[in-house]
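Per TrEMBL, these features apply:
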type	residues	note
SIGNAL	1-21	signal peptide
DOMAIN	19-302	domain 'Glycosyl hydrolase family 59 catalytic'
ACT_SITE	151	active site, proton donor/acceptor
ACT_SITE	227	active site, nucleophile
DOMAIN	310-425	domain 'Glycosyl hydrolase family 59 central'
DOMAIN	461-635	domain 'Glycosyl hydrolase family 59 C-terminal lectin'
């Protein structure tokens with residue numbers, strides 16, 4: 001079979017998205033910059049074209065909480081969290097990178113007490129537009145795309161009002177993506193409502209299985225897989241990524257495939273471990289791993305740019321696999337071929353139907369403006385699931401063409417790029433430091449006068465937001481503290497706990513002592529805890545178990561085997577009050593736990609049968625302000 005390459009225009013954009021980079025900011029140099037280079041530097045690694053970030057909403061959004069720019073209606077701060085930093089680092093490496101944003105949740109005040117952001121659409125629209133304006137005003141970042149609400153219902157009235165608000169505030173160039181969920185019902189809404197169609201620029205679907213419905217094509221909108229991949233980044237994950245990068249266009253005419261997530265830089269035992277293009281989950285050691293999806297991405301991104309167009313003759317190969325061809329309209333051509341077999345390219349979802357791929361010869365005939373091309377650069381990745389000796393993004397000798405014709409012998413589980421672009425490079429750095437466990441002795445007094453980030457290193461907020469705080473009313477040792485600041489339940493699609501919690505350390509910690517100074521700010525009803533062996537986070541945090549040592553502003557204490565506080569191991573009087581500092585210490589050894597208050601035994605020998613290990617943690621009994629200081633852990637594995 002001869003595949004003919006002829007020209008027809010179709011917009012092309014290649015995107016990747018970020019949401020799980022909590023630990024990345026904690027890496028020391030030069031390792032942090034090296035990781036960022038593998039992701040963003042053009043012609044080095046993944047060479048990403050677009051970065052999609054979360055508009056933090058003070059709520060659990062899969063593997064943690066991201067802080068909002070507006071905790072309260074009269075509060076604005078455009079320096080919280082790490083998304084601003086990440087966007088600026090991406091822009092520093094690639095000034096042409098496109099920035100995209102999407103809310104996963106909203107602060108509680110946006111919903112006026114309801115878990116719904118659309119009852120007051122003008123408030124929600126102003127909240128989102130403020131974030132976009134803040135990005136420009138405080139960081140000189142131009143946000144080019146914005147979404148509605150991740151994997152939740154959309155509201156047509158809100159989308160129209162968002163478009164109106166963007167235009168009114170001088171943001172006419174910001175495009176709207178709807179609705180970051182399934183194809184339907186948003187496709188039908190766009191077809192039936194001309195005003196809505198005028199407001200929406202892109203139809204974005206999650207995990208479309210490389211297919212889009214015929215109705216979606218009738219909208220004449222750009223179609224994107226606005227979240228995809230989400231697969232463990234071993235070589236099967238790399239195969240998944242190779243297959244869908246091509247076939248999302250071949251089968252579904254989707255001109256963007258957005259990876260969830262950018263880099264697996266969150267604690268390994270949180271949900272969706274290592275579902276990133278590369279792995280960077282050990283800032284304490286400096287270890288990171290450039291996984292196969294980085295180089296699979298490079299097969300497309302290093303040899304195309306936003307604004308390139310797909311060609312008409314994309315398609316499936318005779319013996320399985322697929323190919324796409326793209327051009328810049330100025331004579332350059334890039335062809336990407338993949339021959340991933342089914343069992344070596346299974347994504348986490350949706351289910352993958354059976355199909356066959358076998359080795360084959362493929363002949364390509366360049367016609368029209370490409371007929372005069374005499375030579376193409378060749379890059380190859382070969383997965384080898386038998387020997388485990390795969391090779392990725394290897395430069396081969398150039399391919400000679402005769403009368404625009406070339407033939408390639410294709411084996412199973414390969415990716416090829418044939419291109420006129422000569423600037424490809426497999427970037428490299430010396431190996432990162434060896435992997436190491438989290439330190440067994442860990443301390444943080446939060447004494448940072450001008451912190452580079454709002455959150456303390458290695459603390460991963462799972463519900464609530466814990467920020468550096470300057471306690472101007474304390475002339476003593478607690479001027480610089482860590483404070484939980486979310487005071488009402490957010491509007492969220494995830495199952496936030498009724499308590500707030502931030503975890504830290506190693507999930508394999510079994511025997512350990514956790515110590516922390518605590519300060520309750522809510523009189524009578526306030527409550528705080530320290531914890532050990534916390535077994536769950538992410539969207540499962542509501543059902544987290546461990547050993548939780550609580551003290552309350554009403555002068556009582558409680559020890560529970562769960563975050564929800566239902567399984568009580570001990571309780572009694574503590575004499576604790578709000579607006580006074582107390583030192584809590586929790587020791588868990590084997591099946592027994594004991595606790596100190598201000599250096600004196602308060603309870604001991606509580607029996608803990610499970611869990612056997614988990615993180616250390618701090619938190620509050622409700623969405624309430626409270627402070628923490630002089631945190632310390634001494635642990636055994």
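Glycine residues also receive a Cβ, built from the backbone N, Cα and C atoms like all the rest.
Just so you know, the Cβ of residue 227 (active site, nucleophile) picks up 25 other Cβ atoms within 10 Å once every protein chain is counted. Taken as a whole, the domain 'Glycosyl hydrolase family 59 catalytic' (19-302) shows an average pLDDT of 97 in this prediction.
In terms of DSSP helix, strand and coil, the domain 'Glycosyl hydrolase family 59 central' (310-425) has 6 helix, 53 strand, 57 coil.
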